C-alpha cells in the first residue's frame, strides 16, 4: 500500500468526515476501518463524529492515536435534565430524532477549525441523510454496513416486501420469498422495521436507508464476496458499487485482550473439538427458564463447556449446578471470544447469532448453534443453518432441554456435525483467501481508499 502514501503526500486539503452511530457494535468497527484508511493516507484529515460517551470509550482505550484523526463530540439528543422512562430504546429514538441537525452543527465546527471543506462522508449506513448532506457539500458519500449482506438486502427490499404482504398482521404472514438462495421466510425471521414496528423511529431510519443507499458512491460491507454470491449479485445490481471489506476480524486492527480467567489455558487441557463455548453477546440474556434448561442440558450431555455469563451465575442457575459441573465446565464473566473460537478444542459455539459472532465462527472454523433474539439474528440463523449449512438453530428459537440436547448431539456427535465442520473450514479458507494480497476483500479495500482519499 506504500504507493498510496507516495501519491497522497500532496493531498493535505482532503477532509473526510466520519459519522458514527453510538449504539451497539457500530462505532468501534467504523473507527477501526477509518484508522486503517488513515494510516494509508497520512496527509488526509479525518474528523470522527460521535457522542461524548462513545468517543470517550473509543479513544481512551485506543493505543494508537493517529495524528490525522481527530474526534468531535455530537450531542446525544437527550433533553436537559433527562430522566429515563425505563424504555432502553428511548435514548436511541431521541438520538435519531435530533441526529441530522446535530451532526451538521459539529461538522461546521470541524470545517471552520481545519479550514478544509468536507471532500468525503464516511458514515454508518443507518445515516440515510448522508446522500443529501454529501450532495450539499459537493462531497462523496461512502456508507458502511456492519452487518451481513442478506439483512441489508431486506432493507433495500422493504417496500417490495410490504407490497407482497399487504396490510396483513405479522402473524398472518405465512411465508415471504424475497431473498435469492434463501428458503421462504416467516415474518418473524425478518429484522424489525421491515413489516413490523414500521412506525417507530428506528424502523423509519432503516426504511429511508434502504431507499437512499443506491445514491452512494460506494457501499462498504463487513463481509467477503464468496459468502453468498447470489445476494452479492443482487446488491451489486442495486448499488453503484458494493465493496466487501471484511471480515473485519481479519482486515482491521484488533485490540489486544486479556485472558484474566485463564480460558485458553483451560482449553489447552481438552481434546480437539470437544468443548462447547456459550455466549449470547453483551446485550441480551436468555430468560430464566431458558437458562435453567441450558444448564440442565449441559449437565446431562456431559460435554465440557466454557460459558461467558452475564450476571451472577449463583443466582441465575439451578442450585448446585456450579458445584456439580466444576470439573467439566468453566463459567466466566467475560471471555476472549475471538481467541477461544480459534482454539482447536472448541467444537461448537452456542450463540445469539449476531453478525460479528457469525464471522468469528467462520474465521475460527467452528460450527454454531443459534438462539436468535432480535434484529438480523433470525436471518443469520437461517443463513448458517439452511443456506451455508454450518450450524443449526434450536427448535422454535427457544432453549429447551430437548432442543439444546438435540442441537448439541447433532453438532458434536453426529455425521452431519462433521459435515458442518468440513463446510465451515472451507468457508474459513475462503475468508482468509479474500484478505490476502490480490484477494477480493483486499482489492475492494484498495478501491475504498481510492474513493475516500481522492
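Each Cβ is built from the backbone N, Cα and C atoms, and glycine gets one as well.
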Given Swiss-Prot lists 25, 308, 334, 335, 352, 356, 357, 360 for UDP, the same-site residue among 47, 282, 297: 282
Candidates 192, 212, 385, the one Swiss-Prot lists with 89, 155, 202, 375 as binding myricetin: 192
Long-range Cβ environment of residue 360 (UDP binding site), under 8 Å and at least 6 residues apart: 249, 337, 338, 341
Residue among recorded positions 26, 89, 155, 352 with least C-beta crowding, 10 angstrom cut-off: 89
Nonlocal residues around residue 192 (myricetin binding site), in sequence order (Cβ under 8 Å, 6 or more apart): 202, 203, 374, 375
Distance, residue 155 (myricetin binding site) to residue 335 (UDP binding site) (CA atoms, angstrom): 33
Integer Å distance between the CA atoms belonging to residue 377 (UDP-alpha-D-glucose binding site) and residue 308 (UDP binding site): 19
Mapped DSSP class for residue 155 (myricetin binding site), helix or strand or coil: helix
